[in-house]
């Protein structure tokens, strides 16, 4: 048998010295106890010295072993000197001091032995060791030599040893509890202890040296030291002996050397703390609520957007915002955070979310929420997402219960942060909004206004009526309330959703858009007329303010009695049930057609005497849906096929199918029912400008598309671009309205992206750019007959030294497109919202300058939507994805906002939930007259719920002075009076019949321009003739004609047909010889310059419908039920059309 041997393993050498070193030095807890005991001994020795001084009588002599008290007088000089070296010390006090000295000396020698490393002088010459020998050895000697018991020992110097022990004790404390206090705390503690040691040493030294002088007590010495060190110097207490004077000089010199060093270190640490931000106190975190904002770099725009949106909610006013950022605070940010409104509520901490120490400083475990934002200004957005993912993981690991609100840039990185409570993917939302902008105009503006917090006060000081209406309607937001708790919707329990939506809008002016069952987490937008409202349903509605902040005023008895005579006067007059008086919103009864104010529109029904012009009636909205009365859209069979011939219908059925895309380019994309091809297209056929063995087309014109193109200009074919294609190929889009999509990419797409888009019909790509040198690429991809041109901001432009210059290349390129192809609808994405003012820039446009002043005034009033009155933004032609940052901020208060926005944009599809679309008001639809009647018509016929209007009006502006004056002067010099009258008559007729044709040529403007032109000096003879000839040549060779000729020449060079573009240019050439008509031509070529467009979200019920209004609808999901009968084409309003749709919707 083998004998077992027990082996002991030691981490250190198994020697007595190592064991002692482990106990006294290496072990944090035992070392901390030793330091604390040593600190207590030093304080005790100082206390015993003070007791000895207090017990000593000033008149009493001092005994020594060779001078008894009876042998000399008090006045003897030798006796005076003896007062410095000898003191009176009682036996018990001597015993205590000897005991303290023995322990201190033994501990000092032991620690010196344990820390010995081969150099004995290094241990001996240390100042703490020398002070310990001075204060302890005389007491040890007095044990063996009793005559030295009254020898003076400067025990008060032990205060410096106590200071040294305190510093070591704090260090051991940090190591023992694994926690580090701030360096500021340590430095302040050292400074205070140094100052106390200086004062205590000076007090005791002055008191002892003046024993042979004034015999000062401790209090007088304290008074003298304070007066001296404070540089006051009253002079009532002064040292008399030379020794005390020398001691004061020495102490002042020491103070002048030591204290400035301490203050310098303290100031340096204070400045560093100001940069890093210090800590968020644990007490405040437990008593007050706070949220943490984690960003990689904090810019002033990002900060102000967050603060304005976060603190716009009343219940968040008491919250603190802790900003955790690894970079130093920006100068502008520092200036803003010094404002009292923010300095009391915003705390900036410089640190990293990957460090637990910094998360502890921010008290992340006690935070109500953590917002993690990506840096979109970096060139490599994938790297920025990786940093965001790591921050989210670190926060989740440190504080698992803290709600996370994460912003990600690339959709392929979403699945890494699925654990987050709320996630906003920038590219998903961006491309989905750009796609819907092409079929539902200004969808980006609509969503931006809905996710911003506003009171609807913007533009109310403006003289323009459209700005007042637009600003007031922009205050509408999405709110929620339980049906049984609501005064808006409680009476509609057991009734259909459509009935509740219509009557709530009719009675209160609120727009019910969706519901959520109590037992279901999914939100349903407009579930349709077959959905029955329950008491526990959560209702989502659009209104100026939420119901809890609304005040309801019923009609009093006096008003009822005063109007009792005319209450039912006429067949169409019914009582107004209630008025909501909150934030300027008034709900009216649409059937009440009593006289209204002159400023508002009125609803007048035809009288009985004019039966021949009576308009059709609108069916009432039923409480419970009846399948026979509901005209639904069978989008599975596609009603657009009814107008096609049998051969076309057969070919289209063979070509397209409806289903879910078989391949998704990234993980986490929501499956959407789409128009698909039966077989995927070969990759070679996806290239628009290259022929292959399957087709020989090399440009967009050769394909012969029936509908206009949608061109997307992007840098790379990222996975987010997939979300641009899906909404344009959704199953509810009729086949006849599918627009071909051309992707104009700077870099070729990869195989994975091509594999995802090859199943969609009429989707092509082309490698090219929209730069000034790339006109050929634009012409090849079909820009001359495109419906929309979508320009996506490029990642490579983020490397600009100045942040706001990141949009410079995009803005200039779009401006070039705007000049070359003035009739093209361009939708642009920018990085910074402030750069929207440069879109379609016209330096001499007075109206644009007026809008700029209005924007500044709104910003001074504290508006979060100061940029909303810029014409390109209001019309939906430009937007910035940074404006959707507020969507993430609002989710802290409204946790449903991200879900509703995704449903509106088509990013998520839930069975039974509706989708966003639009219809256009034509001349045949104007009999409906008001928005309320349209609401009723849509709800009763197809179950659609309108949420707003996109309105286009003539821009009543005046051209620049130089253009008008020159044109009018030439016209007067070259035309006779008969021609003048002819032109004036034509101008008068055009403006009176249709103001949208020539909105800039108003009669008063022309008269003003004519008078202005006559004020200038008149030339005669050859000079006048020469100037006239130069002006005529200028007109004949105008800028517009030069651009037209440039485009035509390039098209001919490329072998492209100029038929589409020649019509425009020939119109310019035919009228170029008429100088008066040149001004007409400059604005006729661009409808965007002569019109303005804006959005009315949830307008008042009595809003008049106008021609070409586009109405936003939330249409029920056609897959949720099947209609019993096929609706007729004449009464159908199911085809969602855009601005450029050729079919007219009849209501």
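In case you wondered, yes, glycine gets a Cβ from its N, Cα and C as well.
Curation does not apply to TrEMBL; its annotations are automatic.
What you see is a predicted model, and the numbers here were worked out from it, not measured in a lab.
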Annotated range (TrEMBL: transmembrane segment) out of 36-55, 56-75: 36-55
Transmembrane segment per TrEMBL - which of 2-22, 128-148: 128-148
Annotated stretch (region 'Disordered', per TrEMBL) among the listed ranges 1098-1122, 1123-1147: 1123-1147
Top Cβ-contact partner of the transmembrane segment (94-116) among 36-55, 128-148, 247-270 (pairs under 8 Å): 128-148
The domain 'RCK N-terminal' (288-424): DSSP-derived helix, strand, coil residue counts: 59 helix, 28 strand, 50 coil
Distal contacts, the transmembrane segment (247-270) - CB-CB under 8 A, six or more residues away: 183-184, 187-188, 190-191, 194-195, 198, 201-202, 205-206, 209, 228-229, 239
Composition by DSSP (helix, strand, coil) of residues within the domain 'RCK N-terminal' (707-849): 62 helix, 29 strand, 52 coil
